[in-house]
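Engineer: These came from Swiss-Prot, pasted as-is:
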- 28-48: transmembrane segment (TRANSMEM)
- 154-174: transmembrane segment (TRANSMEM)
- 199-218: transmembrane segment (TRANSMEM)
- 223-243: transmembrane segment (TRANSMEM)
Amino acid sequence: MNVFQLFIKSTYSPRDIAKTRFQGIGKAILYVFLLSVLFAIPTAYYVSTGTVKSMNGFKTVLNKDFPDFTISNGKLQTDEKKATESQANGFVIVFDPTDSYGTEQIEAKQNAIGILQNKFVLAIDGQAQEMSYSMMPSELQKKDVIAGLNQNKAMIVTVLSALIFLVTAAGKFIEVSFLALIGLIIKNSQKKHLSYHQLWKLSAYSITLSTVFFTIMRALEATVPSEFLLNWFVNFVILFLVLKEIPSKKVINKS
């Protein structure tokens, strides 16, 4: 069977999954990568579209609400003499040349961007990261920031998507490896003659059903109660049924 046929059958047929123990490990590894791509697509899509909307909103606020400014010698320089707050796509954007705001104040706003007197602060879900202007080019103007947003949008989305895939792939490989360890316990209780190597391949295909289900839920932005426990319960049941399809050890009676 090709990978696509295996994918379809792995969603409902423990008997076909059981046959994969004779495959090469390379095919199973490739399969886990493909599952990772599938599982990462909804998250990558929503994060990417959210990032683009935030960047567009930030650009609009810069154009309309904030005065011209220059970042030079590690400081924000402008004719404006007071701090300004605006909102765009769920983010609070603070422009403060007066040093009235600090990192703590930006962080308290949960989701916020701060263009402060001597640093740039980004807060997401109440966790702030800051970058001193001394790390930036010798001079940066408002028009340069807007141009940079336009030029780097595609690169930022690509990097974010790649990071999401890598994190997802790492999670899936850990999931398969741990499920294979559970498989060692199951195969001993069922008296099956299987190596960890074979159990890893079986586990790679056994996570298909849960991966497809949670991919659909993420695409629909639906919340699943006890997602972690449900995921592992489904994986455990599928692997248990797969191992039941494999013949047990033959017991030789000595007379």
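In case you wondered, yes, glycine gets a Cβ from its N, Cα and C as well.
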Engineer: Under 8 Å between C-beta atoms and at least six residues away from its ends: which parts of the chain pack against the transmembrane segment (199-218)?
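Structural biologist: For the transmembrane segment (199-218), the nonlocal Cβ contacts are 6-7, 10-12, 17-18, 20-21, 23, 25, 28-29, 31-32, 35, 38-39, 41-43, 172, 175-177, 179-180, 183-184, 187, 224, 227, 230-231, 234-235, 238-239, 242-243.
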Engineer: Residues sitting near the transmembrane segment (28-48): Cβ under 8 Å, six or more positions beyond its termini, same chain?
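Structural biologist: For the transmembrane segment (28-48), the nonlocal Cβ contacts are 3, 6-7, 20, 157, 160-161, 164-165, 168-169, 171-173, 176, 200-201, 204-205, 207-208, 211-212, 214-215, 218-219, 221.
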